[in-house]
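A.B. asks: Below is one structure. I have some questions about it.
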Amino acid sequence: MRSLGANMAAALRAAGVLLRDPLVSSSWRVYQPWRWKSVAAAAAATTETAQHAQGAKPQVQPQKRKPKTGILMLNMGGPETLGDVHDFLLRLFLDRDLMTLPIQNKLAPFIAKRRTPKIQEQYRRIGGGSPIKIWTSKQGEGMVKLLDELSPNTAPHKYYIGFRYVHPLTEEAIEEMERDGLERAIAFTQYPQYSCSTTGSSLNAIYRYYNQVGRKPTMKWSTIDRWPTHHLLIQCFADHILKELDHFPLEKRSEVVILFSAHSLPMSVVNRGDPYPQEVSATVQKVMERLEYCNPYRLVWQSKVGPMPWLGPQTDESIKGLCERGRKNILLVPIAFTSDHIETLYELDIEYSQVLAKECGVENIRRAESLNGNPLFSKALADLVHSHIQSNELCSKQLTLSCPLCVNPVCRETKSFFTSQQL
């Protein structure tokens, strides 16, 4: 019994920010109203229109002609309503690419049921659901509109959303793509920096789908598996940072510390050779080059849980440490997230920018807006796909290389799946 309890405790620590039990004062609900209201409205709209069917509805887009090229936008997703939280957590805990737990098939339902009420409260605080599907749809619409102009030979283009843990699931999106009779399919990760636990998991889902149904794809697959230094992505981040710096008092602006915050990883994953830390660092370096190193900065990591070593320093500890050293003007920049979700809207905006900032005596703390509906970001996505099509490459050179100490045999099968495609 003691062993089982220890295993459950380890499982509870394994899911990052989604499993945390923050005590948040209700008196600090609104800190950045210009952002809160827009996100709350988006989430409310999602709540009203969410479908509660067993499977996902086809992703409806206006099409005059049969689509020729499909772009599958891959991400983990987020629950649209409070009622979706349990199933979201259940799928997350069952994902062996993300975490490996003892007796996972039994532990996952237990943990999901136990944690649902607390996670529902976090989503209630950000408007009742995640806006990530809204933003992904908006980005996809802008992307395919530009692509039809940039690449008429591969048009019409259609975007599909493939989430790992909520509808529309990756597998459901693939089924729709197959029904649409596409000539070409591009698996486009929405994580700029590659990690085996994020992009790797989504690509593994594509391989597993075809392996389980026992048939080959009718369309030609390729993948955009990372894009940490794309010039328009860097420009978007730089623009949003400059915009937010303008909100600091003029006399304090030059001393604002820019904290680039990314989701942390356990050092056990990093030490296997996961490229995520290096790719996040590359993004930060390019952004600061674009900004001509206008302010002091650091790369910090959020969402660590449990006693095991993770990438550091942690975002919350960094805020505390800076304040103790008299640096009390801070700009948080979510550098590994392109759309708002629980880790920006709750962890950064509430836990850190409201509660922690009050405790530490921060003078001014702000968070750079996520890329969300920025038209330049849709242009970046279109440019990435257009360049990928023109390159005639199946994937990046990096994807062909397994982590030196990889322990997941499915990764090798997935790499073989994509590198064996014929364009």
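The backbone N, Cα and C atoms fix where each Cβ goes, and this holds for glycine too.
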A.B. asks: Which of Cys196, Cys236 shares the [2Fe-2S] cluster site with Cys403, Cys406, Cys411 per Swiss-Prot?
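C.D. replies: Given Cys403, Cys406, Cys411 bind [2Fe-2S] cluster in Swiss-Prot, the matching entry from Cys196, Cys236 is Cys196.
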A.B. asks: At the Cα level, what's the spacing in Å between Cys406 ([2Fe-2S] cluster binding site) and Lys415 (N6-succinyllysine), rounded?
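C.D. replies: That comes out at 13 Å between the alpha carbons.
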A.B. asks: Return the maximum Cα to Cα distance in Å (whole number) over the record's protoporphyrin IX-binding residues: Arg115, Tyr123, Ser130.
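C.D. replies: Overall maximum Cα spacing for these binding residues reaches 17 Å.
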A.B. asks: Of the recorded positions listed here (Tyr123, His230, Asp383), which is spatially closest to Cys411 ([2Fe-2S] cluster binding site) when Cα positions are compared?
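C.D. replies: Checking each of Tyr123, His230, Asp383 against Cys411 ([2Fe-2S] cluster binding site), the shortest Cα distance is to His230.
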A.B. asks: Can you list, in sequence order, the residues of the same chain other than Cys196, Cys403, Cys406, Cys411 whose CB lies within 8 Å of the CB centroid of the [2Fe-2S] cluster site?
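C.D. replies: For the [2Fe-2S] cluster site, the extra neighbours are Gly200, Arg272, Gly273, Asp274, Ser402, Val407, Asn408.
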A.B. asks: To the nearest whole angstrom, state the Cα distance for the pair His230 (active site) and Cys403 ([2Fe-2S] cluster binding site).
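C.D. replies: Distance between the two Cα atoms comes out at 23 Å.
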A.B. asks: Can you grab the distance from Lys138 (N6-succinyllysine) over to Tyr123 (protoporphyrin IX binding site)? Cα atoms, rounded to a whole Å.
C.D. replies: 21
